[in-house]
């Protein structure tokens, strides 16, 4: 039964793009291509190190901007606003938690990776444990995760934004974006990716600030946001249910460990495990730190990215909540027929929160600017995935199949891999059109919680426990994969019920939150890996030199690039500056957590 209290049509056509908006979008794309071509021309593209790691000569500010831009692709840009609209502030924990893990990347994981002189993280695993089976396992797993979660999420979210704001053909707009992104990624390698990421990050932040100011103005400021959100109830609801009501704990970060949608226990422990995989062991992210001129530049880049990661609360999540307050019949819909009219999906439309704000609140010209914010977010994330996936396949799989391959062949294969990824991505579009944006975001998180914890466990043991060996790590990964894959299959067979329906899923799904499952999977993998390592011979000292935290012997003070002008005194000074900023950053982070607790 549906209750209907509506008095007007919530689906009346919204504002359309003007000529000025189109001009702004065109100018942005021209600028983006120009920066890509410029950085490609100045890049050392004819060597493997130059193409895949930017010649190990990147400075801190483009690294930090690229880290932020790569993590805030259009999938998360729209997803964070949508999650804010659906459940409130707690989703900001996915960004704020990154502060500590990014510092761990720079001070711990990055030091190990740079000292081991690796190009890919699978290469590090091969050096640390020996053999090839773990390296191949991680390379294939990373490629699959990139294609079926990262590219999928970004493509769907980007296409959703383009469809709502521009009305362009779904396939045409997606293929055009993929083509432009792949063009500068193929030609320029990591240098082009990092510099265009830096440009796109600047545009993202400026545009998001403007929209956030406009959104807060609509509700008379931050002080009115809680009350406005609490009143965001759609006119048509499902009788005898409460799913149309905004959450009572919407303004709190820490939520009940049993009944909360994002329990504080899971957000503290489970999310940290997943974030460690993403920021410290995922090729897409770590590749930026590996390109640093020296360790200080890697540290400063992580600090800059951490400061930027504090922004999504005010620039994406709160505007998402405001969008629901302003447009409850569309963003907050619960009746399947109403949701289908609003966004083409029956189980909810929270993911249209951000593009709805853009089209309704932004004036002529600025509306085009905001579209030029979302498109670079999509392109930034896709370019990162293309480049890193190309690196993985070329360096870890192709070079294994053809050990005598020349540098020219490796570079050609790397570029061809990007073309193949484009084809797979386009073929995946029909699947994305049949999926709900919210379901896709939850699916991505579930996949991460089911597949990432074993990788985090093995990397953590490999870096901090000298006794860990290949046999223990391999069997730990297999055990974790078996358990994680089982949960994924169950989730696919038993999707979450819609509003008003009984939850008949198995207890492992209905009673065990995916963030809590991540903790259990991490512990299981670690236990198997430790047991297997203790039952087999330990690695010898020379096998783990410069590969664990306790066996570092290489002096990193003069950087990864010879002749970069660093002196020990200058290096020490900037190391102290980085250390001070890291402490300040953690204090700021703790303050915000406490304020919104």
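Residue numbers in this text run from 1 along the chain shown.
Every residue gets a Cβ built from N, Cα and C, even glycine.
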Given the ranges 266-286, 329-349, 539-559, which one is assigned the annotation transmembrane segment in Swiss-Prot?
266-286
For residue 257 and residue 502, give whether Swiss-Prot records them on the same side of the membrane.
yes
For which of the residue intervals 101-121, 227-247 does Swiss-Prot record transmembrane segment?
101-121
Over the topological domain 'Extracellular' (494-514), work out the mean pLDDT and round it to an integer.
82
Stretch contact, the transmembrane segment (302-322) with the transmembrane segment (101-121), Cβ-Cβ under 8 Å, 3+ pairs:
yes
Name the range, of those listed as 74-94, 101-121, 138-158, 266-286, 577-597, that has the largest tally of Cβ pairs under 8 Å with the transmembrane segment (411-431).
138-158
Return the stretch with the most CB pairs under 8 A relative to the transmembrane segment (74-94), choosing among 101-121, 138-158, 577-597.
138-158
Dominant neighbour of the transmembrane segment (577-597) in 101-121, 201-219, 266-286, by Cβ pairs under 8 Å:
101-121
DSSP on the topological domain 'Cytoplasmic' (466-472): how many residues come out helix, how many strand, how many coil?
3 helix, 0 strand, 4 coil
Report, as numbers and ranges, which residues of the same chain sit near the topological domain 'Cytoplasmic' (122-137): CB under 8 Å and 6 or more residues beyond its ends.
112-113, 116, 283, 392, 395-397, 400, 458-459, 462, 468-470, 473-474, 477, 539, 543-544, 547-548
